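Novice: Structure provided below as structure tokens; questions to follow.
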Amino acid sequence: MKKVKVGVVGCGNISDIYLTNSKKYDVLEIVAVCDQLRERAGAQAEKYGIGKVYDDVADIMADGEIEVILNLTNPNAHYPVNMMALKAGKHVYTEKSLAVTTQEGQEIIALAQEKGLRVGAAPDTFLGGRLQTCRKLIDEGWIGKPIAATAFMTCHGHEIWHPGPQFYYKPGAGPMYDMGPYYVTALLSLLGPARRVCGSVQKTFGQRRITSEPCFGELVAVEVPTHIAGTVEFDIGAIATVITSFDIWDSHLPRLEIYGTEGTLTLPDADPLAGPNLFEGPILLRRSDEADWNGFPSTLPRKEATAWREIPTVFGYNENSRILGLADMCAAIGSGRRHRANGNMALHALEIMQGIHDAAESGKYHEMESTFERPEAMPMNQPDYVFSE
């Protein structure tokens, strides 16, 4: 299969895992990098053996060899860079989220459709072994008909570890737009499109003190809500509770649970930066005949409940496989099929996240306008990093 030539815009922290993993695939080749700090782009080019270095986005867009732009800029730059790529006649794959607002996302998708180009977007963790195995369990009826779900991302912010956490507290960021895409996209991959959402939000602290280097001691003004509680109603009838927070020190909440008429599926990670944020991890299942509440109330002492069953993953990509979504898109360009981490799904996730914020402000449900087709499941017997289309 011919390798698709890719140009990267943005050479910050996240670029390392993308550039490292790009070497594992035979469907794409990164031929150029661009960053407004030329020395940073140059360092990444030298480290990863990339031939072309740019410090002007217009120049990389004009490079005729490049077919796809990989947009790794900060969230506020996603929209303009995505639009520039499409206007230059290039497909685009962007880090989360697709854009800062639903309207911007709609404009990106509309332009791509007008020009016959593809849009892909992170997160692609839903293509990993754990969530693909969860999907198989749900689709095969192991928990019956899904009726509800919970998704919890609770921590005390990124200023304790990130070298430049200021943007997490500016418009377009906050816990829902930063970490929410992993959780919302996971739910969409398992349950399909949503029909309406509502929510409540608050900003607990007006300032945050950075305790990481190199900005230790700097105060950051908080411009966005930092605790968001949302409810998402899905077309299939399931109702999900989604909480994302930068205001909570500790919790014992699972990261993600799906409740069905015949059982429960859980991702039990203790680490708030794990859960759907990872490609790998434990999956626990308990069916109705094993439940703690089966036959309750009963004479005490109660019979000891059956332990949760840990389910082995039966799909590949059980390590940090970021860029998988782009590789899948590049393979799809060659074969003509629909790629999985696609723009319509990303737009739907963005509308859910903004809709929760909008509903909190208006006090009314947000009725969803966008929709998407649930992506095709990953193949079970295909080796990692190989696309045999």
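Each Cβ is built from the backbone N, Cα and C atoms, and glycine gets one as well.
Pasting the relevant annotations from TrEMBL:
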DOMAIN    4-120  domain 'Gfo/Idh/MocA-like oxidoreductase N-terminal'
DOMAIN    132-265  domain 'GFO/IDH/MocA-like oxidoreductase'
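Have a look at these and tell me how they're positioned relative to everything else.
Specialist: On the 0 to 100 pLDDT scale, the domain 'Gfo/Idh/MocA-like oxidoreductase N-terminal' (4-120) averages 98 in the predicted structure.
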Novice: Could you give me three numbers for the domain 'GFO/IDH/MocA-like oxidoreductase' (132-265), the DSSP helix, strand and coil residue counts?
Specialist: 30 helix, 47 strand, 57 coil
